[in-house]
Amino acid sequence: MGITMDEEVIFETPRELISIKRIKDIPRSKDTHVFAACITSDGYPLIGARRTSFAFQAILSQQNSDSIFRVSTKLLRFMYYNELREIFRRLRKGSINNIDPHFEELILLGGKLDKKESIKDCLRRELKEESDERITVKEFGNVILKLTTRDKLFNKVYIGYCMACFINQSLEDLSHTSIYNVEIRKIKSLNDCINDDKYEYLSYIYNMLVNSK
């Protein structure tokens, strides 16, 4: 089943409210963020696992000079185990319970558009950087989705644009190599993330981009 132009589909997770809408063109501005729904040469959808969780990054950005972390307990389930250990090390009162050792901050690969780049050139550059130059693009799809995400924990709204990207590498080519990119710690198959809160809407995005005409 496809999605018609300007039709809006809504997904909600414990943390996010996501609006997905098919559009004709990606606007070009200094704040435009573009993402690739990557498909391997053997047909697997790819997703990135971020090196640092968004929750922990937000805490670090608000850290004061006396090195005290003030942390809402609502954020704890959205952090990596090593980040929780760092918080626990500085804890003066309270406790940390119900830690999920399997948490991963899943993201679509991509980034911010440079004003001198085309959309596709931006995605080629970002994929090259985030994969330590392991990913090369075979072709892009023609369908464009606008993704509007409201982060309910921080009450912020993020807008991005996504298109399918068919790459030359197989899943095997990418799954057994270490990545040293500052932002991405791992590239993996979305099919391995069925228990993640984001899996449902990420799967929908891939299906729409690959199967829509």
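Heads up, the Cβ atoms here are built off N, Cα and C, so glycines get one too.
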Listed co-binder of N(7)-methyl-GTP (same site as ARG50, ASP151, source Swiss-Prot) among GLU16, GLU83, GLU117: GLU16
Further Mg(2+) ligand in Swiss-Prot, beside GLU126, GLU130, within candidate set GLU172, GLU183, GLU200: GLU183
DSSP three-state assignment for ARG50 (N(7)-methyl-GTP binding site): strand
Closest of GLU16, ARG50, ASP151 to GLU130 (Mg(2+) binding site), Cα positions, binding-site residues only: ARG50
Mapped DSSP class for GLU16 (N(7)-methyl-GTP binding site), helix or strand or coil: strand
GLU126 (active site, nucleophile) to GLU183 (Mg(2+) binding site) - Cα separation in whole Å: 11
DSSP three-state assignment for ASP151 (N(7)-methyl-GTP binding site): strand
